[in-house]
Amino acid sequence: MAHGRIRAKIRRSSLYTFGCIRPPRESTDEPHQFRGPGYSRQVCCNQPQFHQKKPLKYVSNYISTTKYNVITFLPKALFEQFRRVANVYFLLAAALSLTPVSPFSAYSMIAPLAFVIGLSMAKEAVENWHRFMQDMKVNMRKVSVHSGDGVFSLKPWMNIRVGDVLKVEKDQFFPADLLLLSSSYEDGICYVETMNLDGETNLKVKRSLEATLTLDDDAAFKDFKGTIKCEDPNPNLYAFVGNLEYDRQIFPLDPSQILLRDSKLRNTGHVYGVVIFSGHDSKVMQNATKSPSKRSTIEKQMDKIIYVLFTLLVLISLISSIGFAIKTGYQMPNWWYMPQDAKKIYNPTRPFLSGCIHLITALILYGYLIPISLYVSIELVKVLQALFINRDIHMYDEETGTPAQARTSNLNEELGMVDTILSDKTGTLTCNQMDFLKCSIAGIPYGMRSSEVELAAASQMAEDLEGHGHDFSRTGGQNGSEIELETVPTPKGESSPTRIKGFSFEDHRLMNGNWSREPNADVHLLFFRVLALCHTAIPELNEETGTYSYEAESPDEGAFLVAAREVYEEATTKHLNDYGEAGLRTLALAYRKLEESEYSAWNDEFVKAKTAITGDREAMLERVPQCIDKLAQAGLKLWVLTGDKMETAINIGFSCSLLRQGMKQICITTTVDMLNQDSKKLEKDPHAAFALIIDGKMLSYALEDDLKHQFLSLAVDCASVICCRVSPKQKAMVTRLVKEGTGKTTLAIGDGANDVGMIQEADIGVGISGVEGMQAVMASDFSIAQFRFLERLLVVHGHWCYKRIAQMFPALYQQGPRNLFFDWYRIFGWMGNGLYCSLIVFFLNIIIFYDQAFRVGGQTADMTVVGTAMFTCVIYAVNCQIALTMSHFTWIQHFLIGFSIIAWYVFLILYGMLSPELAGNAYKIFVEALAPAPIFWLSTLLVTVACNLPYLAHISFQRSFNPMDHHVIQEIKYYKKDVEDRHMWTRERSKARQETKIGFSARVDAKIRHLRQMLQKKSSVLSPRVALAATRT
């Protein structure tokens, strides 16, 4: 093929020496000597039948991330249900209902419990089924497997066995951990993308043993036999020790020959490999953990409420039983006419024993103080909420066709209580694409495009000016967030440039050969030459369009190579010269003509060479800065945990609005020279917010037991935190520290297998179903297609009330993290309100119906009539209470409230129409007794008003004199007051950003000094050569 010949030429060309990316050969060919445990695995290559029986039988390639399977579902699901305290209580009550002391039939206690548990288990089963189907999408992927006689056929991943020889095509994922045997390249190399494993976008080169290079086509495997002896399955992604016994020789193996599961074959036509580790033995699955069972904060707090209610229940039952025993003993002499029967349960002659038995009866009788229907309602609501999330068109990514998915509905309400977000960067905030944007050659800046930081700064400046009453013009058709900084026309005679992936540079001074007319043209020529030669990339022909694209070892290399070629063809607008503040990655290119004798001293003389600078923008995902800004307005703290170096992380922080101009940066690093060169430009405003940036080495010290709480104390005082050079394990440790140390709800979001530990450790895990595979999604609680959808997931679905207003006014979200709607003040308030209503319903009805000539015939109301009247009052009082607590009415609310009331009367009519044997005292109770009596209707009205009047007075007083945020917004919306006043919304949004007080700034300074001293002491002990620089810029 054409592209194969081009690649072969590049491999054999002298240019290859400029991109030394080939892995070094081992200095020794001696086989590894295995000593001790951990090296017992033996793989029979191309002989999978040997691995079907012990002792060489290994796990299949089937993977599962579900919580349950067919065998474990019943015991594990029941265990999950009885983690709820209320279910344990109702189970005990159901068991007691089987005894003679129960005032109810056993059916009336067992049936509701069975229904609640069955419904919850059904929900768990459905969610587990969805996880299973996602697993099956991966397990059913196809790959070519050697089936014998040199013939390869497609098989599902789940049917692959250890020892199978696979043929993996270009752009396919590896289905298991493989030993590379050969590739479409003559020298047996292949390019692998490990983005799904470590989040790195650069391509890694793997190379097969020279002994297996002859296995370069399907027929060569007809008689292939070999044995691999290697280490046992382990989670170390970067190490492998083993030997290959082939053709009567033993060859040592190392990580450069291992192709890991879920990494991707790139820029290589195909490779052949033999399966070493399959399924859950593969290294990526060894790094994964079992899906944890998470419970929301509200559910845990409900257990505490149940304890309180159970205490009240026992207290009421105890008082009732003591009263029963005392009254029985006191009135026993008056019951002389009753026959003496010692076998009766309630024996009047033994009042103490009767009181003890009555205690059990009272616990069952008053047991509905703990409402079993509450859990049914909650489960139904959660299912509907999950359905809303799954069907939200605003969280549907049209480009990939991926909707949002609630993989569990147990944590829906937890979304509205998130306080801290911990995010991966690569693939989550950025889209793994480098764009060549600007350069500076011989001291002259080139490039006219603006970075995201400059555009965001201009937009913020415009909002600030608008908030102070200044007027300025905008280009037509643009909103306030899209401001045209400057317009530079394309020179006459030049056509509009065609957008090229990785190339955003536009400056007519360097296009179409114009660079030759620039001062120092010889320097420009050397700049382009160095730019092209110092970056290794492989051209790839698109046979449909006939054009070439460049696949590089890393995305910035592709950008530089395209820039070196396309710099003669592009032209357009924009010119800014400060790349660092613009949030760009920078690279210095230097040249100097050296004699051969000088080459050895080249590194020392580098500082004397002339330099040129390139500025590259790592492309942000769509609307990421706006999303982060909205979340910051909502009061959420964002931590970014990345494997990038500190400079890159800071630049990306500015690009995505995580860092802002004027924010005070606290940099903690092991390098003394890691000081911000622009520190003098930052404002020395004591009200400015803080940002903490720490590298992986210092973070490892800060996470130790003696320092982690001091580190956390400093970090939580900062508006933004960036952790650089962190490992997957450190991500999980930081997440655990924030979750346990602050006691607040944490959310972790990522898109790769290196984020799985962090996602599972957080209270809520969100996986991004992007280009890095499905590991993060399968370990998550919720999945979205892009980071920008997180705003709607939290602010709208997490705080579902005030749906449209919450987007406009994110500060309302803070009512969730501050737990304003479910704190103990409100819990006891509602308990008191319920107690008040119950007293009103009971005593008012007793007073009204006491000794009244209720019927036309003069009969008084019996217990059935009074009880039915009470329940009618309860129906009205509860529905009116619901109406008063609602914040937004639609026809659905009107219909359901009306339907609830009407359904009660329909039930009374239908139940009263039953035969007297079935209906009992309720026979025609509504038609003949209640409906004709005016006192029934008047009592219903009076009791309903009396029940709801205090609550109505409370909310009226609160709205008038102490309104909450959403009360103000509701009135603004209802009265259409200043809705179109953008100045008002700008002022209100600015209030959400909490200013730092001078005293607070001093406390942070003290914490910085103390933590710096501790880290410096620890680093000096552990690494004497490490110098610490912790500066506040």
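Yeah, the Cβs are placed from backbone N, Cα and C, and that goes for glycine too.
Those TrEMBL annotations? Automatic predictions, nothing curated.
Feature annotations, reproduced from TrEMBL:
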- 44-110: domain 'P-type ATPase N-terminal' (DOMAIN)
- 85-101: transmembrane segment (TRANSMEM)
- 305-326: transmembrane segment (TRANSMEM)
- 352-376: transmembrane segment (TRANSMEM)
- Asp424, Lys425, Thr426, Glu557, Arg585, Thr642, Gly643, Asp644, Arg725, Lys731, Asn754, Asp755: ATP binding site (BINDING)
- Asp424, Thr426, Asp751, Asp755: Mg(2+) binding site (BINDING)
- Asp424: active site, 4-aspartylphosphate intermediate (ACT_SITE)
- 472-499: region 'Disordered' (REGION)
- 808-963: domain 'P-type ATPase C-terminal' (DOMAIN)
- 827-850: transmembrane segment (TRANSMEM)
- 865-884: transmembrane segment (TRANSMEM)
- 896-914: transmembrane segment (TRANSMEM)
- 934-953: transmembrane segment (TRANSMEM)
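Everything TrEMBL records as a feature, shown here on the structure.
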residue	record	Cβ neighbours (10 Å)
Asp424	ATP binding site	29
Gly643	ATP binding site	22
Arg725	ATP binding site	20
Asp751	Mg(2+) binding site	34
Asn754	ATP binding site	30
Asp755	Mg(2+) binding site	32
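Annotation: Asp424 are the binding-site residues among Asp424, Gly643, Arg725 whose CA atoms are within 10 angstroms of the CA of Asp751 (Mg(2+) binding site). Asp755 (Mg(2+) binding site) carries a helical DSSP state (H, G or I). Averaged across the domain 'P-type ATPase N-terminal' (44-110), pLDDT in this predicted model comes to 84.
The two recorded residues Arg725 (ATP binding site) and Asp755 (Mg(2+) binding site) have their Cα atoms spaced 14 Å from each other. Per DSSP, the secondary structure of the domain 'P-type ATPase N-terminal' (44-110) breaks down as 30 helix, 2 strand, 35 coil.
Across the structure, Asp424 (ATP binding site) and Asp755 (Mg(2+) binding site) place their CA atoms 7 angstrom apart. Looking at Gly643 (ATP binding site) and Asp755 (Mg(2+) binding site), their Cα atoms lie 11 Å from each other.
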